[in-house]
Each structure stands twice: as C-alpha cells, then as structure tokens.
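Novice: Submitted below is the structure of interest, expressed as structure tokens.
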C-alpha cells in the first residue's frame, strides 16, 4: 500500500514538473489541464453536454499484434488492449462519416500493468483525410493509470471545438523507451446536438424546454 | 369418471390452480380422446398463457373444429401472425376471413366461438390486472361450457374482432366497416367505438349513442331475454348432460341433442336449416334470435331465403318478434315454477354469484338494464304477459344459479354475463375501481341491472311480477345509460380528434361520480398533456392513480409529462410503481425508458422502449419513443423506421409524424419536414408546439410570411408557450430589428431565465452596432450557463464584436 502511495506522490510531483516544462514549451494554460492528464482518473466522468461520437466512425490502426487489434480499443473492456507491432509513431485513425465537432479525446492507459508499453507522448491530429492532417495538440503523460482526458479546445472561444472529418491519435513515444504501445480504450466526445433543430442556441429555461419538443 | 374429471378441471380453473387443471386435462385427453377434451385442455393452456402449447396441442389435433380454429386464430392474432390468423379463420375454399366469418356466423354453434375467441382476445389485451384476468377466464370458461351461450345473439363481437384484425393488417376501410357493424349491432360495445375513434372514423359521437341505439338495445335485449328464458328451460331438462352437448361440434349432432333435450321453444329444425329458411324480411334479426325463433322462421319461410351472412346486422323484425315471444313465453312458464323453489337455494346461489357477479362493472349492470328494459318492452308489446323485466332478469339469474346447483356447471347467467361483459370489457379493464363500488351492490343484487337505475332490487323483488311503470323506468334507464355513453363518447371522440378544449368541457359535464374514475381522470390528464399543460396533466394523472392505483391506461403519457417537466423523482417513482403493478405492460416500460432518457442515457432507454415494443407490438407509443431515442442517438435511419412502424399501426399518431418532421428538419430536407409536420398538424391542429415547428420548417423553406402567420396562430393557440414568440423574433431578427427587439423584450418578461432570448437580443444589437447593449445581453446570456457550444458561439460573437471595426469603442 505504502509503495503505491509513494509512487502516486512521485507521479504527482513529476507531473508538476512536467507541467512546468510544458508551460515553457507551449506557453499556455492548456498545460494546466495537461498536468491533470498525466495520471488519469479512475472514473470516466464527462460533462453532461458532451456525448461519445465515434461509435459509427471507421477505426484503424497503423499496426497491431494478432489478438490485440483495433476492436480492443472500443470494446468497453479495460482488460483488453490494442498493442502495436511496428515502428513508431503508432497511429490510431478515426474517420467520421461526416464533418463532426469534437471537443475531447479520452483514453484509458495503465502504467501499472503495461509499464514500458504505456505511451508517454501523444499527438492528436485532425484533417479531412490522411493527406492533410494537422497536429492540433501534443500531450505528455507521466505514468498514467486510468482515463486520460485530452481536450481539443484551443484558447480562443471560437476554437472550443474542432470541426473535422478525421482524427488521428499518434503515439510518439512510450515510457521507459518502450517500442510498442498499449492503449485500452479511446473515446471521443463532442457537443450534444441541440434537441431542437435549426436553432442558434440551446434553450436553458424550463419554460422553453418543456415546450420545445413533443414526445 | 369423465364427469368427475371435467369437474375437477373446471374447479381447478375456477380456483386458479392451473397446474392441476392442466394435469387433469392431460389425463382426460388420454382417457377420453374426444375432441371435447382437447378443447378443454386448450383452454387451460390458454389460461396459463402458454400460447405455444396451445399451438402444439392444436397442431396435434387439427381438425375442422371451428372451436379450435378460432382459438388457434386467436393465438396467431396475439402473436401477431395476422396472416395465419386470417388463414385459420378461412376455410380453404373461402377467399378471406371476412367471408369465413359470415360463413360461420349463421350457425349458432359458432356463435359461441365468436364469444370465446372474443373473450380470449380480451383477456389477452387486458392481462394487465391479474384479478380481472381471472374473471375473464371464468367467464370464458363458462361461456364455453354453457349451452345457453349457444344462443348468444350478436355478431358484434365477431365484427369487432374482425375489425381489429383488419386494422392491424392495415385495411383501414374494411376495419372501420366492421367496427361500425359491430357498433350497430351492439351500441354498448364501447371497445368498437374506441377503435373507431382511434381510427378517426367517427363523424359525430351522438349518432352512435342516440335514441335509436336505445331502441336497438331494447330490441336486442328482447331477443336476449328470450334466449335466456328458453335456455333456462332447456337447462332444467338437461341437467349436467348439457356440457357435453356444448362441446359437440358437428351440427347434426347438435341438433339431435337439441331435439332430445329441448322440449319447448326450439323446434326440431336443425339450426342451420332454420337459418337457411329465415326470410329476407327477417334479415334484421340477430343470429341468436334466429335460432331462438326457428318456428318463426319456418312460418315465414315462404319468402326468399336470405344470404347466410345476413343475419347479423339489422334490427329485429316485428313480425318475427311476436312469434318469437310466443314461444318464449311458453318457455317462461315452467321456469317460473322452478323459481319458487329457487328461493330456498338463495343462499347457495348468492355464494355462487359472489364469485362471478362482483366482477361486473357498473357499466355491465347498465347493460343489463338495457337488456332488461328491452325485455320488458318486448313482453308488453306482445300483450301476452305482463311479466316484468325484472322478473325475467331475476329469473334468468336465479335460474342460472340453480342450474349451477343442479348441474355440473352454471350456464345461463354466465352466458348473459359473458355477453354483457363482452360489450363492456373495454371499460372494465380501465375502470377497475368500479369493481369496488359495484361489488357490494352486486353481491346483494343478483339482478344487477337495477343497481344502475338507482333502485336496488333484490332477487326476491325481482321475482315479483312488475308492472308497466317499472318497464318504462327501465327504458329510461337505458336512455340514461346512453346519455352517459354519449357524453363519454363525445368526449373521447373530441379528444381523439384532438379538440382538447372542447373535450375537456364535455368531460366536465359528467357527474362527479363518473368524473372521478380512473379512466375519465386519465383521459382528462391526457387532454391537458396534449394541450402542453403538463402541470395540470400531472395533477389529473396523479388523481387517476389515486383513484385507481393499478391503472395503466395513459400512464405512458403521464411519464412523458413528467419527463417534460423534468420531475426526475416523480418519474422514477412512477416507473417503479408501474413495473410493480404489471411488469409485462408496455406502459410501465415506457415510463422506465423515459427515466433513462431523461438522464440522457439514450442507449438504455432505447433498449427499454424496445422491450415495450416486444411486450406489445401494437402499442404505438412505444414505437415512437424508440424513434425518439434513435434520433437522440443520431441514428436517423432506424429512427425513421420506428416512426414508420408506429404509423403503420396508427396513422393518426401525430407524435410519429412530428418525429419524422424533426428528423427531416435535422437533415435539412425541409420540404419533407414541412410535409410531415403538416400531417401532424392536420391531426392535432390545436397544438401550439406543432404549429411552431411547422412555422420553423416554413422559415427554413424561406417562406417567412407563411411562417410568421403560422407562428401567430401558435401564439394565439397557447399563450403560455413562449416558443413561437421566440421563433417569431428569430425570423424578424433577420431584417426587422426593432420589431424583433420588441417581441424579445416582452418575452424576456415572461421567461427571464432563458439565455437564448438574451443571446438573440445581443445578436440583434450587434447587428445594429449598439455594442454596449450587445455586450450586456451577451453577458446576461452567458450568466445563464448555456452549454459549452453556446458559450463558444456567444464568446466568439463577443470577440468579433470589437475585433473587426471598433476596437477602441470597448477599450
């Protein structure tokens, strides 16, 4: 027990250091969020106005070990994982059927179980297809256990969401210089659509909402 | 041994020991492999609800027995194998079920089958309350075993069933026709009226429950009482041997039995031939009167023979009438004597009644009044005897009880009950609370018809020979009942055509007693629900639940009302309660699904709604709710499918049209959207929400003038609804800024916590380049904590506000 505790503490302090570094690197507040990402949270908690988007997307990976293929990323089972089998960077490609608004990528990794397979540096890229992917976010993880939240929002309020056809999660490096990587789950969140179509804004008051739909 | 076994089976069934019954049925089948026994085993299987077993048993002993065929058809119908049901009902050489019905109707042997099938069907549809289910089972069994039920008159039940089948096959026109016929034969067949309303085929509620109908009821009762008496007569002769008679299938044998048993009223003419000889002038008779009055038929047989199918619909012919009653009166004589002895048996009969009578609803007894009154009129019109209606009624019931004592099973009363039950079963299911009220009275009053008209008559009184005054009172009772039905019918019709306000007024005309019943209260709740007055709806639905805690009718609506009100706790409580009341009812699962949907767990909600669909695939609302969940999950394709299957069941289910409209709005297929929303609007032209959506669709189609007009109408239709006002402002904000701002200022007063209003005001001010105000309103909008997406848009708008032109203005 105590070892776990100390390790956790170490993680926290390391995370802090990491965050400081990140601040120097990227220079903005997003690193504060990055500090939270490093360890991961045991519970998957998402704000109410977001929902999972990638159920109907096409998922592919750059490489995999037989038995640990892309399906393991989406099976809602934390005991299974996708394992890459090739040279870095390892890629997870998510192609949507239409242009979607995305806000959040959450992945489940477990440093305690996967050790050197645990990713340490992840880049998120977006674009219309493979040909024009642009990096929108890079994050570093430090011995994470649990759900790691990676926000896709920029600083500008207009960049709260990214509007894209395709998302790529690239694992640039692993902990302890590991080669292949393990990821247990990936979830992608975007804003809920307005329950009332064609509206510029969501209704917030009970008076409006109770009149806004028929069931 | 045979009799003993049959008795044991029936006793077991009566005591709800189904396993025992099945066990004995099996022994019985093994020992006496007659068709009769299989029938019986059929029944007990059906009772326990193992439809599959019915089918297996049936498949093993498929014969030409109409009984089994009906049962089989019924099973099919229940399991939604409509084609099979139709095919089963149709002999190979008959083109369709309809013809088959007509083919079978004339032979009274089959009349029973209608009844049985009908009852079985009702059982299935009212499985909700277990208690009433048992009643139905009892009734059904009795109807099945009773020879008197052979003489059950109307084809109403049959037409009703056929109407249902056609409705679900999708042949709306034919369905309506049959339902109309059912109602024409039996004006008290509320269920048929209900279906007609749902189908939107009712033009004017009053015509169905007019004085004409009252007369019809009287006539009908006249024929019925005849049959009762005559059957009673034969009953006494037959004793316990009757039972086997009933089961006998072949008509020749039947007629032989009749010959042997029946001394009085029924001539030696086999029923089938009697029917064949019924003249065209007689075509108005109900079936029942036909075989009751074979003498009449033979006397008139010089006239051209009618088509077989004719006998059902038209009203009684007077000439025939007289003859019928003559024979009838003879029949009455003997039983009356019997009746005197009957008094001794009172206690016994009272006990016997207690297991069946209480289950009649008040409406049932109302039916009985009508029946009684018509009986009375019949007799008076003849001038032959002044036996009062009460006498007859009391007689019939008492005789039946006596026969219960005498014979193995009771017949005539149950038949009568079975009949009246049929016509009223619909209400019975809903008005379980009526049971409680009527129970006490009915226990005492074996002739329950009197309880309705206000004077409680006991059997002893009923036995006394009444006078004309009583008859007229009974007639007025019938009219009173019809008056009640008229009110209810009008209310229901109005609510089905979504003229909610008017319907509410009609319901308010009801007496307090009637108003405070579960069915009426839930109807009123539903009306408020349709008027988007969820608080009132909540009030009435909860009242309904208080009056009758086991009510399921309308509870799906209630749960949706709570959903709209975001009453999470109430909703989950309701769902829990409903599940505990009946976990096999679709309403309960709809409520539960709404719970999950409110928590935005659309996938679980969808699963639950799908379960509701599985439980009852004809429950329209569950399909629609499934559709809504699919849409929430953005699976438009499946959503559309769900809506369409809902519309297949009920074209007038506007919620689904609306759902489709919204899907197309979302997909930006605005013309489709407009079309579907207009469909919904045409069905429910008073819904301000629908008008608002229609306006939105028109706006999307760039038809702003139409849209504004529609929105104005929506505003006028419901002053409480802020949405059309907002939409109006939204449209105006494109070019008529001042007007839009005016509208929004007012709206701000009525809905001060709506961030959209402020956001839109901010937007307009921004367009007007009144930056400070724009800023102010955007800020207000943000304070109300809109979701992240809106925060983003508003913040973006705020930044754009200063960035492009006048940066210094802000700084």
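First residue shown is number 1, and so on along the chain.
Positions of Cβ are set from backbone N, Cα and C atoms, glycine also.
Keep in mind the model is a prediction, meaning the values are calculated, not measured.
So TrEMBL has the following annotated:
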- B:43-62: transmembrane segment (TRANSMEM)
- B:156-189: repeat 'TPR' (REPEAT)
- B:586-619: repeat 'TPR' (REPEAT)
- B:620-653: repeat 'TPR' (REPEAT)
- B:654-687: repeat 'TPR' (REPEAT)
- B:755-788: repeat 'TPR' (REPEAT)
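For each feature listed, report its degree of burial, its nearest neighbours and the pertinent distances within the displayed model.
Specialist: Per DSSP, the repeat 'TPR' (B:156-189) is made up of 28 helix, 0 strand, 6 coil.
Taken together, the residues in the repeat 'TPR' (B:586-619) have a mean pLDDT of 93 on the 0 to 100 scale.
Per-class residue totals from DSSP over the repeat 'TPR' (B:620-653), listed helix then strand then coil: 27 helix, 0 strand, 7 coil.
Below 8 angstroms of C-beta separation, residues 200, 498-501, 530-532, 620-621, 623-624, 627-628, 631, 636, 639-640, 643-644, 646-647, 693-694, 696-698, 700-701, 717 of the same chain, each at least six residues beyond the ends of the repeat 'TPR' (B:654-687), sit close to that stretch.
Sorting the repeat 'TPR' (B:755-788) by DSSP state (H, G, I as helix; E, B as strand; all else coil) yields 27 helix, 0 strand, 7 coil.
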Novice: Looking only at the repeat 'TPR' (B:654-687), how are its residues distributed among DSSP helix, strand and coil?
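Specialist: The repeat 'TPR' (B:654-687) comes out at 27 helix, 0 strand, 7 coil.
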Novice: Mind checking which residues of the chain, 6+ beyond the ends of the repeat 'TPR' (B:755-788), have their Cβ under 8 Å from one of its Cβ atoms?
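Specialist: Residues packing against the repeat 'TPR' (B:755-788) from afar: 726, 729-730, 733, 737, 740-741, 744, 747-748, 794-795, 797-798, 801-802, 806, 809-810.
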Novice: By Cβ distance under 8 Å, which residues at least 6 away from the ends of the repeat 'TPR' (B:620-653) in the same chain are close to it?
Specialist: 168, 170, 172, 198-200, 496, 556-557, 586, 589-590, 593-594, 597, 602-603, 605-606, 609-610, 612-613, 659-660, 662-663, 666-667, 683
